[in-house]
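Colleague: I am attaching a structure below and will ask some questions about it afterwards.
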Amino acid sequence: MAAQEAAGATTGSCLAMEKGELPGAEAEEYAQDGSVDLRGNPVLRSKRGGWTACSFIVVYELFERMAYYGIASNLIIYLTDKLHQGTVEASNNVTNWSGTVFLTPLIGAYVADAYLGRYWTFVVGSAIYVVVRSIPCFRPFPYFATAPRSLLTTATRLVYAGKGMVLLVLAVSLPALKPPPCDGGGVCTKASALQLGVYFGGLYILAFGNGGTKPNISTIGADQFDEFDPREKMHKLSFFNWWMFTIFLGILFSSTVLVYLQDNVSWSIGYGIPTLGLMVSIAIFLVGTKLYRHKVPLGSPFTSMGKVLAAALWKWSVPVPADAKELHELDLEEYARKRKFRMDSTNAMRFLNKAAVVVKDNGGGSPAKWSLCTVTQVEETKQILKLVPLLVTMFVPCALIAQTNTLFVKQGATMNRHMGPHFQIPPASLGAFVTLSMLIAVVVYDRFVVKAVRRYTKNPRGITLLKRIGTGLFLQVVTMATASVTESRRLAYARSHGLDKTGGQLPLTIFVLLPQFVLMGLADSFQAVGTIEFFYDQAPESMKSLGTAMSLMSYGIGNILSSFLLSTVTDITHQRGHAWVTNNLNASNLDYYYAFLTVLGAINFLAFIVLSVRYRYKAESTDAIDIAMVGLEAEKAKLQGEPLG
């Protein structure tokens, strides 16, 4: 049945070519997956798409990730050292913002699939990302209502003069927009509402613009490869590995060069460089416009899914016919004309098949719009719904990943960071080892492991996507267990040197934290790459942006879950006498908190195994090309009134 689903989709595309809808060159020279140019015309594979088009997209992602992680990598240090927030408050602010960054792509995916398409949604999101952050006026933020006129005048003139390109650069540059440094006795002035409003206003506007870019850019990249062409399909299998490789390069630059500039030279320069990089990346993307393949927006996936659920509930008592041919479906020609994919009915979630049951009313009129759906709409909804349980098991792993940019960094800030007499490592730079281990692991996996394992599994990917994700989840549990043991040693060292009360810096080298950073990077090379590829691959053809957004949503909810867990555990343990996480990490029990996350990760891993064993993969389009051609011949014979030979 799965092969038949793919056959239906493939037949629609092949039928379009047979009917002469792709004039000019021979049909096989055109992209067979419905790709078009910006004007809606079919595209030649030799002229558009492939690695040439992807090069512009990949370079964009390199600069954009440099811009994002130029802020995210060292955010907790800025919040605690410059805005004087506590450890728990700052950690939660980081994860809440990160959660928002990864949740707004749901909006972008909706707009892309329903209205603008991926390309134009990305362009609009980029404009918000940069231009709105550069608005030369602070009036949208209510905190400015009470700001001194001289401050507003100075800030506005700076923006008009081009000396402050974004709100965040202003926030870290102007003395009036941040509290004074702590005095010699350790007394620190909290940031005012105005100062917090400027800084967090810039952060959340950035998050909103990210909603239009993030779910679409990786999907645009994957769209440059035609799954109906065996050679391009093989390239597509490697695309997500190299996509993540590029992201890691951007992160590596941010967690080394930019973090060092922020800690040792100037926060203004450290924020200004990623801002410039963001603008350059958008220009690079636009330069490659004429080379891109595009997919026509096929309607809102949320509307389609809502119709299916509403129709199925409306016809609760209506029986589903034994013969699937009695269910409502459009002709292949209709799907071919719209460059959409048709799917055959399956028995999974059979209740939803009621949405496609034709019920004639007494007046003989046509059914109401929301009471009848096509079989394809029903099957697309099923595909999304069966991803939801696995999506839920991604929340805890993403909460574990969130520790890398929060508590792991604060751990490093308490330790000896010197390399030689004159150089001191920024604590956030340990994130570079996450990136390095990911880079190495992705290259080794793609170039060597896949080729070796493929001989035995006969799977083009080496192992299945769920096995790849599961490997990453297991390694994350090992990572948190390692972090707990390391933190226990660090606390014992602090007590032995009498630094548990004063909260001073330990003479213990920061490199004892290296194993947990390296292991997390290794885990991410399996879990992060596997997750984004899995949800893209298993989403229906008309809902690819939603599939990508689902993988990003797991990071969003995971970060918010991290905030919830940290706040809840801190409150409960504080009520029982001693909070596990305090502003003085030398007097905390962070090792207990890491142990708690280890147990939580292990339970989640077991749940993932149960669900993954029961999961049945969606058939890939090209797996059924032979069946599709048989179906096409049947359609031709039917149209011509000839028997099949």
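Using the three backbone atoms N, Cα and C, a Cβ is placed for every residue, glycine included.
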Colleague: Write down the single range among 99-119, 267-287 that appears in TrEMBL as transmembrane segment.
Modeller: 267-287
Colleague: Among 57-78, 387-408, where does TrEMBL put the label transmembrane segment?
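Modeller: So the range that TrEMBL calls transmembrane segment is 387-408.
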Colleague: Top stretch among 387-408, 428-445, 552-572, 592-611 for CB pairs under 8 A with the transmembrane segment (240-261)?
Modeller: 428-445
Colleague: Mark yes when the transmembrane segment (387-408) and the transmembrane segment (592-611) have three or more Cβ pairs under 8 Å (sequence separation 6 or more) and no when they do not.
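Modeller: In contact, yes.
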Colleague: With Cβ distances under 8 Å as the criterion, find the stretch in 267-287, 428-445, 552-572 that has the most pairs with the transmembrane segment (387-408).
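Modeller: Comparing 267-287, 428-445, 552-572 against the transmembrane segment (387-408), the winner is 552-572.
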